[in-house]
C-alpha cells in the first residue's frame, strides 16, 4: 500500500499561489557587518581656539591645547596626533615631563591629567580633580617628580607626578605673606624654583606680592613687593641671582635675589621716559616675559605686547631685546603664548635660544633667532587650511595616481613665498608610521574668498598641492560699494570634478558656475560667458469660461535647446517669451573681465555661466552640480529650476523651472508665494554667528514639519532657501491645476509597481510629499549623468540626466547626443524632459525635438524627503562607472590628430559596448520579454529605494529613519563591493548592503552640533569620509574594518629613545665657595614627613587607558595563557600517566602470553591421563 505524504500535499497547495516578486537575477552580496568599523583616523588643520602650549626640547615635540578640551601634538612634518579629554573643559596649561614621554594637562574644570605619549594613541594614566579650590598655575621642575599646584585662594599644593597623589605639604597664603599685611595677595599667577637651588620656590601673586619660600624650613625667606600694579609672569636668570617680572602697566622689573627691599631696575621697553611733573606713558600689559641667556653675547629679553595705548591700530607683537637692540615683530593675530626654544633642558645652563615658537589665535609662527632680521620659518604643517573660511569640502579616495604629480607640478610653479628662514623646521620629533595607504587620496576645499585648495591626503598626512583662485576672472568691486546680497560674493558652494578628464566645475554663492580644464602650458584667452535666467513664476489662475478656448501655451525659448535657425542652439541664453518678462531680467551679480586674460599653467577657465537677477531679486544659491566629460555637458540646479549647459559649444541647452519639468503630471498645487527680500547669508562655515541660528532651525524641522503660513512642508534642504524662488508666474503661461485623482495617477504612472506593496506617498499623511499640499517652492537637489533606461519598454540604454528634487521626486531627462568628432562641434545636443508633456503644449520647436528623441517616458519616482544621492548598479550589483573622456595634453592632441581619433574610440569603449548591445537587442520588444539589467539606488532624507530598470519596479525599499533625517548619503566601494553610506542628523552613521538594503552598520558616532558638519561631510571610496569638525580643522574617519586594523601601523610615533643632554659642569672654585642645597624631596613631601592630604581637597581618578590599561589587558591575557598552559601540562601529565599504564598492561600481557606458552609447551605431548 502506498504511504500518504501530507507534506507533499501542502507543498502542492503552496506552489499554486503566486510567489513574491524578486529580482530575476539573484545577486550574491559579500559585505557583512564584520567589514565595518567606524574610527577616527587623523585630524588636519590649525587647532581651533588654542589656549595653551608646551614644548619638549629633547624629544622636539610641540603640544597645543584648545578651548574645546582637545590637544594636538606635532613633530616633524607628517607627525600629527590628536587626543581629547572626556569632557569639554578648556585646556589652561600644558607641561611636558621632559624626555619621559608624558604630558600633564590642566583644565578649566580644576582637573589635572597625566597623558602617556609612549604609545601611538596617547591615553590618560591618572587624573586629579580638585573639589574646593580652583587651579590657576602649575610648575614642574626639570627631572622632578613633584608638581607644584597654585590655586585661586593663594595656596600651593604639591602632588606626586608618578602616582598623582597629593602630599600633605601645603603652602598656605597666610603663612607666605607678612603678618602685618591685612589684604589677600590674590591668586597664584606664577611658580618657579631657583635654577641653582631647588629648595627655594618663587611664588608670584596677582596683586604684585612675590614670596621666596624655603621648602626645608617651611618659611618665607624673602618677600618682594612690586608697586607696578598687577603681576603677570616671572622669569629667572640661569645663574639664579636675579629674576624678572612683567606687569600690567607695560613695565618690566628686575630683582636681585638677596635684595628684596627694592627692584634693581624698572623700565618700560616701549614707553617714553616720564618728564618732570608728568605721568609715564600708559602702555598695554606685558602678559609674559622670558629671559634666556647666551654664551656669545648679551641675554635675550622676549616679551609679548607692552605697546603704548596711544599708538592705535598697532597689531599684537613680540619684542626681542638683546643688549641695545630692540626688534618688534608684529603679528597678524593676538598672541596666546610663546616659548623660547633651546638645545638644553637644564635651567641652570646657558639656554642659547635659536628660535621662538609663537602661538597666535589663528596661526603658529616660529621665529629664527640665529639669522639677522629674525625671519620666520616656513610652516610645513597644513595650518593655512582656514586662511579663508572653508565653505565646502570634496573627498576623492582611490583617484587616478597621476593626478597628484600633475597638481604638484603646477603648484610648485606658483610664486613661492619669500623672506623665510633657510634653516630646517626646529620641531623635528617623532617618527612616521611603518605602513602607508595603497591608494592616492585628494581633498579639495572651497573657501569664502573664492579660492580652492587641492591637498594630497594619502595615508594619514595632508600636504598642499595646488591653489586656484576663482575670483581672478571677475572685476574687482569698489571698497565703498560692497555687494548688497552677499558678504562673500566669491564663496564656493559646490565642487564637481571628473578625475579622469581633469575637468573641474565650481559653483559660487553669487550664482556663477565656472568650468575649468587642466593645461600644462600658459595660454591667453577670452573667457566665454553665458547669462542664464532661472525663473519660475506663480500666479493665481482664473478659471476660463466653458465656451472660451484657452490660448495655446507659447514655448519657452530657453527651456529645451535654444531658439535658432535650423534647430541650432543659440550661443546666448533667453528668458521669458514676452517683452514684459524680458524687461524683468537683470544682470549677473559679478562682472567678468573683458578682453584676453592670461592663464597660468594649471586649471584654466573654459566657460563661466552666470545666473542673472530677476525683478531685482538675486538668484538663489546653487544646490547641486554635475559634469560629464564624455557628453560634454554640465548641469546645475537651485530652488528655482534646472539648467543644462553644453560646455563644448558653450550654449544653454535647457533652462526650466522645477514645476515645468513635470509637465501635466505635476502632483502639486502651486500656490502664489510671497516675495520677501533676500537677506545676507552667513559668511562661511567658519563664521558661526547667524549661520547657527538659521541652521539650527533647519535641524529642528525635518521633512515632517509644516509651515503654517503657506502649508509648505519644510525639509532640511529646502527650508532656508524656500523664499529665494518666490516670484510670480507669467500670466502668458497658465498651467491647469491637477485634481487629486489626476495627480495621483500621474505619480503612479511608472511608480505604481514600486509602491504597490505599501501604497504611494500621496496617501500617506505622515509624509511631506503629499500631492494635496500647496507648494510654493521645489528645487533641484541632486543630479546624475548616466547611460540608463528611461522608459519601461526601452531595450537599450541611452544617455540621460536623472534629476532629484527637494520634495522627493525623481525625473529623467533624455539626452540626444550627436556623434563624436566634428559633428559634436557643429550639431546641437537635444534634451527633453521625460515627463508626460504633450507636443501641443511644448510648441513647434520642442515638438521637432521630441520627434528626434522619441516619446517621453513619463518616469517620475517618489520618495520621502529631499533626494540626496542617486547611483546605478549593473546586473551583478556593482557600480556602473560614469562615462568619461580621458585627459590628453592639448599640445600633443594638436600634433597627432589621427592618434587622438584612435584614442577617442578607446576612451568610449564602454559606450561602444552599449551600442553593440543595442544592435543585438530585439527591434520591437514587449514588456514581458525585457528583463531588468540595471538598478538605480535612490536615497532621500527619509528613505532609500532600489529600482529595477527598465521595468521601474521597486526591488527593495527601506525607511532609514522616522525621528531624524539623513544629512549626507552616497554609494561607496568597500572590500571589493559597494554599499550605501548615510550620515544622519542624530549623529548615526549607517551603511546598507546593495541592492538588498540590508543594514550592516549603525554607529552612534557623532552628534550634529551644528550644520557645518552636515554641509561638509563627504563620503568617498574605500570606506573613507571626512567633515569639518571645527572652522579650522578637518577630521578624517574610516568605515572599513581592514583600515582600522592597519591604522596602528600607519599612525606616527611620538616618543623615541633619546639620551638627555648632560648638565652644566660646575667649576672647582664655584663648588668650593658655594654649597647648594641638595635635599631629597621625598623627605620633604613624602607621606612619612608630611602626612596625607585631606581627601576633601582633591579626588584621584585612575586612568582608563594607557600603560596601566595595556598592563591590565596584558595581565589578563597572560593569565589566560597561563591557565591554558596549566591545562596543557595537566593534560600532558594525564597522557603520560595513561601511557605508563598502557605500557604496564602491555608488559603484563606479554608476561601472561609467555607464561601461557610455557604451560602449553609443558603439557603439549602429555595425555590427559598423564596430568
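Positions of Cβ are set from backbone N, Cα and C atoms, glycine also.
Annotated range for region 'Disordered' in TrEMBL, selecting from 500-542, 543-585, 586-628: 543-585. Check TrEMBL against the ranges 809-834, 835-860, 861-886, 887-912 and you find region 'Disordered' recorded for 887-912. Across the range of the repeat 'WD' (224-265), the DSSP-based residue counts are 0 helix, 20 strand, 22 coil. Per-residue pLDDT, averaged across the repeat 'WD' (224-265), gives 91.
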